[in-house]
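First up is the structure itself, then whatever we jot down about it.
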Amino acid sequence: MSDNSDTNVSMQDHDQQFADPVVVPQSTDTKDENTSDKDTVDSGNVTTTESTERAESTSNIPPLDGEEKEAKSEPQQPEDNAETAATEQVSSSNGPATDDAQATLNTDSSEANEIVKKEEGSDERKRPREEDTKNSDGDTKDEGDNKDEDDDEDDDDDDDDEDDDDEAPTKRRRQERNRFLDIEAEVSDDEDEDEDEEDSELVREGFITHGDDEDDEASAPGARRDDRLHRQLDQDLNKTSEEDAQRLAKELRERYGRSSSKQYRAAAQDGYVPQRFLLPSVDTATIWGVRCRPGKEKELIRKLLKKKFNLDRAMGKKKLKILSIFQRDNYTGRIYIEAPKQSVIEKFCNGVPDIYISQKLLIPVQELPLLLKPNKSDDVALEEGSYVRIKRGIYKGDLAMVDQISENNLEVMLKIVPRLDYGKFDEIDPTTQQRKSRRPTFAHRAPPQLFNPTMALRLDQANLYKRDDRHFTYKNEDYIDGYLYKSFRIQHVETKNIQPTVEELARFGSKEGAVDLTSVSQSIKKAQAAKVTFQPGDRIEVLNGEQRGSKGIVTRTTKDIATIKLNGFTTPLEFPISTLRKIFEPGDHVTVINGEHQGDAGLVLMVEQGQVTFMSTQTSREVTITANNLSKSIDTTATSSEYALHDIVELSAKNVACIIQAGHDIFKVIDETGKVSTITKGSILSKINTARARVSSVDANGNEIKIGDTIVEKVGSRREGQVLYIQTQQIFVVSKKIVENAGVFVVNPSNVEAVASKDNMLSNKMDLSKMNPEIISKMGPPSSKTFQQPIQSRGGREVALGKTVRIRSAGYKGQLGIVKDVNGDKATVELHSKNKHITIDKHKLTYYNREGGEGITYDELVNRRGRVPQARMGPSYVSAPRNMATGGIAAGAAATSSGLSGGMTPGWSSFDGGKTPAVNAHGGSGGGGVSSWGGASTWGGQGNGGASAWGGAGGGASAWGGQGTGATSTWGGASAWGNKSSWGGASTWASGGESNGAMSTWGGTGDRSAYGGASTWGGNNNNKSTRDGGASAWGNQDDGNRSAWNNQGNKSNYGGNSTWGGH
């Protein structure tokens, strides 16, 4: 593309100097004079007259090749001629020009254009080409081609030089890049080559014209002015852009630089510091943590600081390199010292008390930012007149006022309300008769009262010294205007969250006791804000801010912010809790939630300046307290967390009482005499646990009464109730039918009778008469069902109660006692030896009968339903051998079956075949050769043939007291079953004749069979077996020489061996 592209560039188009040139195809149509002239004027705001004449001439006369060559070959006109020709063109522009004049003008304009082209070569690239100008230039394209080649080469060289000079200072504006991402596109040289090829292609096709044809477009003076104006405009724009950039940078620094520093300083004050500033550098000295006594941190910091100043003054220029000393409230028992070496710290801390220099720790670098992070200190700066509380001594918890502060801030002088007893409780030495003062203690301290010099003079004059009318010294302590002035260490004083009550503040008021409520409210405002709690629904009033005096209702609360719906506002607003105050009205029921009267309740009487006065339901006195310490409540009854209604409390070593009205600190009680009184919480020694108390009494009928039994009065109003407690000869009873004194009354046990006693309920279930041997001995032989003891029901009672036990665990192992109480797995045992009660696991006890006997464990006791084994008397302790026979055994041996041994036993559980009848004892045998189911004696007695076993002595003696001689009846003489004999002679079950052992009716005949001769149980013996018990008929038939039960002998079962499997 030619450098000489377009000279018709207006001032307005100069702003588009960076835009790409517009390519317009060459127009083949010939335009008339008027159209060409109009288009030329519209194409730019600044157009030279030479360009206008050239456009008119070229639009009317087609270009000729020969004429163009001649015009180029002519010498250039001087500058004056060019200006004259331009003037002539202006004068002749109104009329039509002739052909010769037109040719002359064309030649002159082309020469003038050549002069201006060299100066405008660098600016032609930057100027966009207008559409109409390109159309007008198309007619002159052929004329430029007719110039000489030498002129073209010279012009091109000059233009290239000028282009190089102009392109050097020109710089493109750098595109703003992202500082974090590399998003710059790479541009290759191939794209430039492609653009050059496209331009050459467009030139060949005629869409882009060369600048050679534009020599006639502008004259030298107009082009020079344009160039000067354009350059001046460029300079102005560059200067303006630089000024704008500097001004913008200055504004940014002023606007944001100042605010950022403010924000940084504010953030630093709030405790925020960028972490990069907290990190230690290479030159940072090490920090060591040194152990010290807890609570002495601040005091040690002050001591070490003083020591550092003293050492620096003493050592002069050679100072100890201690850079800093500090402590953190979060890390108790440790101070931190910054020094370059460990030896410096050891030398510096040597000799300082309460510092354990051997226990020091180097702080790691990673923990230094957290250690050095600034935090708001929670320490309260003490000032004269501020309130504090004392931490120790007899004044522990008392409110005090700061009077003076020492210079080193280690001690404070406090104004305290004294607690003095003036020697009332001092002891007197009996030998020397001198007063021995007792040191006051916190448990026995006197109530707070102002110092009374009259009382001190009367009771303890020796320790009183008067300095003036207002100042006294008593026991080496100063009292001014009745107040004690005493010095305390700063660590013995509590300075945080002090919330004094109105009563405490009244003691520090004037002599008349008046208190300025406004000053009180201001003094405790911060302390109250720390504990004040607002709940949704509380009515409040705004104290500070734009909405001061507005009232509303709390809708939501957070830690420090409360959302309030104010009256007259639709949108809820948020306020700090410290700017709010609760609202109460006379008649509201309130409860104290903070302070000394916490838990008290009452009815609001008066509200004045944030102070609420209400009538306490406990003390029936007026109490004044700040509004934010109250809460509106529906239940006006305040109770204590330690004592409740109907609790039995101990007032002294001998007096007890029952609480009939429980409050926070005041209680109404009824004592054992029935007197109702009001006491304080401090008057109660302890609470009696009635669930574990083992006290009892006896009613008018002699029945035992215990706690929990229901009783009724025998005389009077016959009040009925449940026993709460038994004290000596009085019973505390509570009734649901009585309203007075919460249903509690006191009655003597001799005037009541038990209605539902536990012992009565147990006695009704057990029939002890059935266990009396004397009553049982008068009864007939009991049956098996009659003998079985009834199963006793536990009825909810512990089976171990009242049992005699032996301890199996260490400590009291082997000792006997009786179980008095059982609570879960623990049993209270009263020892027989020491008359002492101990508590022990009930599974570690062995349970016995009261008379002795075999012991069992607790599990066995439960399985036996509380029954313990009976004690054995006399021969019953002898056990039977294991080879015991069911029938008779060898002579001289003692045998038993089912625990039946020989001897005399009066009990039913040991059936030993003596005089006592034994039921269902199939196998008891006597000594000698007595047989039991085939011999003469069947129940252990001795007989000779027909002797019965139901009596023992004599051969014919009756077992039930009768005497017989063989044939007599064993049930008292004469036969009771039809004839004379039933168990010894002929049975009357089949024959009615008189028999003395003739024949048996049990299946066969025998000589003397019934229970003595040949047995008829399954066999038939006609050989008249010996009457001494020959052959047995149990499944075998014998001549009498053998027993039917594998027993061999020549003797009868009356006197021989037993027939039950033994020899």
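Every residue gets a Cβ built from N, Cα and C, even glycine.
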Annotated phosphoserine residue, as Swiss-Prot has it, among SER219, SER633, SER1000, SER1009: SER219
Annotated residue, phosphoserine, per Swiss-Prot; candidates SER59, SER110, SER188, SER937: SER188
Residue from THR30, THR35, THR47 to which Swiss-Prot assigns phosphothreonine: THR35
Candidate annotated as phosphothreonine in Swiss-Prot, where the set is THR133, THR140: THR133
SER36, SER136, SER1052 - the residue Swiss-Prot records as phosphoserine: SER136
The repeat '6' (975-980) [mean pLDDT, rounded to integer]: 44
